[in-house]
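Peer 1: Following this message is one structure expressed as structure tokens.
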Amino acid sequence: MHCPFCRHPDSRVVDSRTTDDGTSIRRRRQCPDCSRRFTTVETCSLMVVKRSGVTEPFSRTKVINGVRKACQGRPVTEDALAQLGQRVEEAVRATGSAELTTHDVGLAILGPLQELDLVAYLRFASVYRAFDSLEDFEAAIEELRGGRDSAPDGSAAEPAATGRGPGGTPEVPQPATAAD
Ligand SMILES: [Zn+2]
């Protein structure tokens with residue numbers, strides 16, 4: 001790949017290590033021209049099967065754009081959106097599957113979005129879960145109430161109401177960019 005600083009068409013690997021979870025390899029590279037160093041991350045290509053049957057690479061940007069729409073007018077920062085995108089990507093990668101459906105991706109968004117902003121969550125869920133009546137909204141709000149207070153009987157509670165990410169993703173915020 002090109003050097004990200006001077007566009008030199010080549011680079012030299014100076015260090016290479018597998019991440020702790022074994023899902024990626026980080027390589028430290030040095031540009032032979034400008035001598036600056038940078039890091040690349042090699043991961044398994046993650047594909048998403050759309051409803052139409054078309055397969056496309058997983059895109060964190062698409063996740064963020066979709067959530068940003070639901071967050072219009074809400075006090076949600078770009079940083080928070082970026083962090084949500086990272087959590088969603090980590091959650092779907094943690095499934096260990098190389099191929100997902102748009103449904104899987106939507107499911108992975110619900111948990112972190114619920115923690116971020118409840119109104120945005122309801123907007124997103126209303127589209128994702130195809131709400132078509134007031135009762136659907138009421139049921140979703142009941143779920144949220146059940147998750148926040150103590151659930152009266154828990155019968156209406158879905159996994160999304162537990163306050164944890166899908167698959168029990170640990171809530172460990174991490175820097176969005178690779179540190180030097
Ligand atoms: Zn360079």
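From the backbone N, Cα and C atoms, a Cβ is placed for every residue, glycine too.
Copying in the features that TrEMBL gives for the protein in this structure:
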{"type": "ZN_FING", "residues": "3-34", "note": "zinc finger"}
{"type": "DOMAIN", "residues": "46-136", "note": "domain 'ATP-cone'"}
{"type": "REGION", "residues": "145-180", "note": "region 'Disordered'"}
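Context for these features, please: burial, neighbours, distances.
Peer 2: Using a Cβ-Cβ cut-off under 8 Å and counting only residues 6 or more beyond its ends in the same chain, the zinc finger (3-34) has close neighbours at 40-44, 93-94, 96, 178.
With DSSP classes pooled into helix, strand and coil, the tally for the domain 'ATP-cone' (46-136) is 57 helix, 9 strand, 25 coil.
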